[in-house]
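Here's the structure we're looking at; comments come further down.
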Amino acid sequence: MSMLSNPAQKYSAFPQVDLPDRQWPSRRITTPPRWLSTDLRDGNQAIVDPMDSAKKTRFFDLLVEVGLKEIEVGFPSAGETEFDFISGLVRSGRVPDDVLVQVLTQSREDLIRTSFASLEGARAAIVHLYNAVSPAWREIVFGMTPKQVIGVAVAGAKVMRDEAAKRPETDWHFQYSPETFSTAELDISLAVCEAVMDVLQPTPVHPIILNLPATVEAATPNIYADQIEYFIRNLPNRESAVISLHTHNDRGTGVAAAELGLMAGADRVEGCLFGNGERTGNCCLVTMALNLYTQGVNPALDFSDIDRVIETVEYCNELPVHQRHPYGGELVYTAFSGSHQDAIKKGFAARETQNDTGWRVPYLPIDPADLGRNYEAVIRVNSQSGKGGFAWVLEQDQGLKLPKAMQADFSPHVQRLADELGRELTAEDIWQAFRKAYHVKTYPKHFQLLDYEERRSTDGTRLFSGTIAVAGQQQSVSGRGNGTISSVIATLRDSFDLALEIVDYSEHALSTGSDARAAAYVLAALPDGRRVWGCGIDEDVATAGVRAVLSAANGAVTVA
Ligand SMILES: CC(=O)SCCNC(=O)CCNC(=O)[C@H](O)C(C)(C)COP(=O)(O)OP(=O)(O)OC[C@H]1O[C@@H](n2cnc3c(N)ncnc32)[C@H](O)[C@@H]1OP(=O)(O)O
Ligand SMILES: CC(C)C(=O)C(=O)O
């Protein structure tokens, strides 16, 4: 078998919804939906080794901490582990008063009874009933007519109603899902939901949750939005129903479908953290919530320590969160490429002079700090990188703010090293390359400053006198000039016949890196027209300048 040259022989386009006056495209999402996490149910049923009670408990605590107020905790009739976890949880006192637990059951009498039994003693809970309603399931899975499928839902709803009535101490909420809603005829979905509502008699004060799943995502998200808008418009007694969305990601648009579904009028979204779930997963609640956040809407879910969330999710699901996963992936705030690095570095620099709090950093749709990430990994360096890349790393790691022209001078060194090593360059790689290129710190060099003192004369000139090791041989040297730098230049000229002219000089205090407090940079011109950069780092600003001149001198004799 191979891909067909005419896939229409096997697959057909999903039919459009007849809704010419659709309203959702011009709506905006301005408030967060009610969220339900189904990590402990839809997520759990999709992993290789379903969670044990300890893992489920850890995950539950995380969900509460993040701010979830509705949590589907399992499928009680699936087995002892599920049942015991759920009944233990509701009796444990672990469920905060403002959190509702939810359980799922097929529309089968014994399974519904087991589900209620698992919730015995709960203060409040949602029981979630489902049966599939679309043609393929009706015909292939159940061998039922639409009427019979409606009958299954109604029978289940009656059992729910009666089981709830037996336990008046619990505040019961009912949820019904016409499973496979998005691939079913809309009028059949409406009919089954109406029939379930007839049994359960919801009111605006005690509404039913009607959860409309894209059990298998089969169309573009606009079609799902049309389906939701059509359903809402045609549902009698709409005010007695909370319309909930449950999307999957088979076409890669699970989040988009849920977003458009909200625009179409839904109230609630079900999903999993980082989109775990059957096949390609459920709607990712992290992505969905942070998409709202980056539009200025408080999502009412807190991901300000996203790495801790990832750690728990990965531990419990035994699945990694992809490095490129929106908002959470390890690499999503990292630029390797030169033009991105340049723009990001400028974006951060612009923030220092910006006088409003708005976030406007190119290539970064959200401030990583809002999610508990630091700025260190925002730029990493490899062979695709540019000057902005290593300059950022040297600044973050060593506190050095290289003048722009010096960045251009150092750039070929970094490029060469990246090509040579064929891998990402660490901050240490870049620092060592910098030390080597500019003879900084203890790196072997021709001229090495051992000690010096400077005296100011009454005529205002300065006398530099000190000991410099030249190729290992100590020499006492001196020179006079109008300032420290010029006295060192004079010393080099008088003692070593090295003529340097300082073309550019800058210095700054260091905020990070070693004990050193200051860095100085010089650009020196040689008589033959060549120019060499030097850098000096020291606890003392004046000494940093002296070292910078000697660094340039080392460069001059090295390139000579
Ligand atoms: C889209 C979703 O994610 S739905 C949730 C799916 N989650 C799970 O299935 C996880 C937990 N499930 C389980 O542990 C098991 O499936 C159990 C314990 C619930 C039931 O197990 P079993 O009865 O052995 O098998 P199974 O689930 O395949 O049920 C098959 C029968 O239920 C019927 N059935 C399936 N879904 C439903 C439903 N929602 N309502 C009523 N009957 C249903 C099938 O038609 C089939 O009937 P048949 O035997 O007459 O052909
Ligand atoms: C039970 C329902 C809500 C479901 O998980 C689905 O349809 O994907």
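Each residue, glycine too, has its Cβ placed from N, Cα and C.
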Notebook entry, point to check: If TrEMBL gives HIS246, HIS248, ASN282 as binding Mg(2+), which of ASP39, ASP42, ASP49, ASP494 does it give for that site as well?
Noted result: ASP42
Margin query: Taking only the residues in the domain 'Pyruvate carboxyltransferase' (33-307), give me the average pLDDT of this model.
Written below: 98
Note to self: Cβ atoms within 10 Å, counted per site: which of ASP42, HIS246, HIS248, ASN282 has the most, among these binding-site residues?
What the structure shows: ASN282
Checklist line | In sequence order, those binding-site residues of ASP42, HIS246, ASN282 whose CB lies under 6 Å from ligand 2 | finding: ASP42, HIS246
Check: In DSSP terms, helix, strand or coil for HIS248 (Mg(2+) binding site)?
Finding: strand
